[in-house]
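Colleague: Pasting the feature list from TrEMBL:
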ACT_SITE  HIS73  active site, proton acceptor
BINDING   ASP74, VAL77, GLY79, ASP81, SER83, GLU95  Ca(2+) 1 binding site
BINDING   PRO170  substrate binding site
BINDING   HIS200  heme b binding site
BINDING   THR201, ASP252, THR255, ASP260  Ca(2+) 2 binding site
DISULFID  CYS42-CYS122  disulfide bond
DISULFID  CYS75-CYS80  disulfide bond
DISULFID  CYS128-CYS329  disulfide bond
DISULFID  CYS207-CYS239  disulfide bond
DOMAIN    32-333  domain 'Plant heme peroxidase family profile'
SIGNAL    1-27  signal peptide
SITE      ARG69  site 'Transition state stabilizer'
Amino acid sequence: MATGVLCHRAFALAMACLLLAVPSLVAQDPSNLSLQYYSKTCPNVEHVVRTEMECAVRADTRNAALMLRLHFHDCFVEGCDGSVLLDDTATMIGEKQADQNVNSLKGFEVVDKIKEKLEAECPGTVSCADLLAIAARDAVVLVGGPYWDVPVGRLDAKKASLDLANRDIPTAQQGLLALISKFWEKGLDATDMVALVGSHTIGFARCANFRDRIYGDFEMTSKYNPASQTYLSQLKEVCPLDSGDDNISAMDSHTSAIFDNAYYETLIKGEGLLNSDQEMWSSVVGYSTADTVNKYWADPAAFFKQFSDSMVKMGNITNPAGGEVRKNCRFVNT
């Protein structure tokens, strides 16, 4: 009998502790993402974003890659909270000045246009962070990539962090273990990393980010293949040894305007434009990532499926500090 009473008391104590713990766990995720978040307050949100993205991509297919990159760089700094969109102020230097963003992160005017339309449709309702998440999905679809449902309900940060942007965003020169570590810190594993970096199938890179690669081990990883030598010569024309930092080249030399799996073939050939990309295939510690690269090159459906899943996973990284719904994506509300 005593044992039964003791067990009952222990159970009651455990339940009480659990109930006390629940509120703190819920409070850590203020965004409360869902597919129905705007169903009553702004039911046309996806239509508005899609219409503007169609115009942007029709005007320049590179806008697709720009919007996708904005979303990625946003999510890697304290979660997907629109902080990357904030302009500098007298009291804050924002993330646009970070090493991986300055002179290369673009597409802000496209965001402005979409936000203007959303404010006309549903004033003060749709966050800039949600705008980016939806626009990134539409960007991929519009150039031939997969569709995925985007959970929404994110809040916009009231501040940006230059220091965290410089620390957390992966760089073109990093080795495989450092890259895996940066993704792991965000709750993304190596499979997510290989899939998400597949977005480079529609991306362009600045000469400053691939100069070391083409004047470094490019010939070795491509096994001195004559065809690769021709490609390398073209890259060196675009990116001289001592000038042309802002010159650009497609990271997928085959189909840069189409979202497909051809990018992975460049890695298998040893022709990855960025050192960080080629590391996934050529690194001595990359046997696992190399298998994944090979899988996505052999099976485009598997790549599309994992890319969609990983984009949702990345998009669900939230800023526990909460925030607001900005009326202008460049500035906090006053």
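The backbone N, Cα and C atoms fix where each Cβ goes, glycine too.
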Colleague: Note the mean pLDDT of the domain 'Plant heme peroxidase family profile' (32-333), expressed as a whole number.
Modeller: 96
Colleague: Could you tell me the C-alpha distance between THR201 (Ca(2+) 2 binding site) and ASP74 (Ca(2+) 1 binding site) in angstrom, no decimals?
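Modeller: Here the two Cα atoms are 20 Å apart.
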Colleague: Counting all other Cβ atoms within 10 Å across every protein chain shown, which of the binding-site residues ASP81, ASP252, ASP260 scores highest?
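Modeller: Its Cβ has the most other Cβ atoms within 10 Å: ASP81.
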Colleague: Out of ARG69, CYS80, ASP81, CYS122, ASP252, THR255, give those recorded positions positioned within 10 angstroms of the residue listed as 'heme b binding site', comparing C-alpha atoms, in sequence order.
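Modeller: Final answer, ordered: ARG69, ASP252.
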Colleague: Within 10 Å of its Cβ, which one of these binding-site residues (GLY79, PRO170) has the largest number of other Cβ atoms?
Modeller: GLY79
Colleague: Ranked by the number of other Cβ atoms within 10 Å of their own Cβ, which of the disulfide-bonded residues CYS42, CYS80, CYS122, CYS329 ranks first?
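Modeller: By the 10 Å Cβ neighbour count, CYS80 comes out on top.
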Colleague: Have a look around THR255 (Ca(2+) 2 binding site) and count the other CB atoms within 10 A of its CB, chains all included.
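Modeller: Its Cβ shell of radius 10 Å holds 17 other Cβ atoms.
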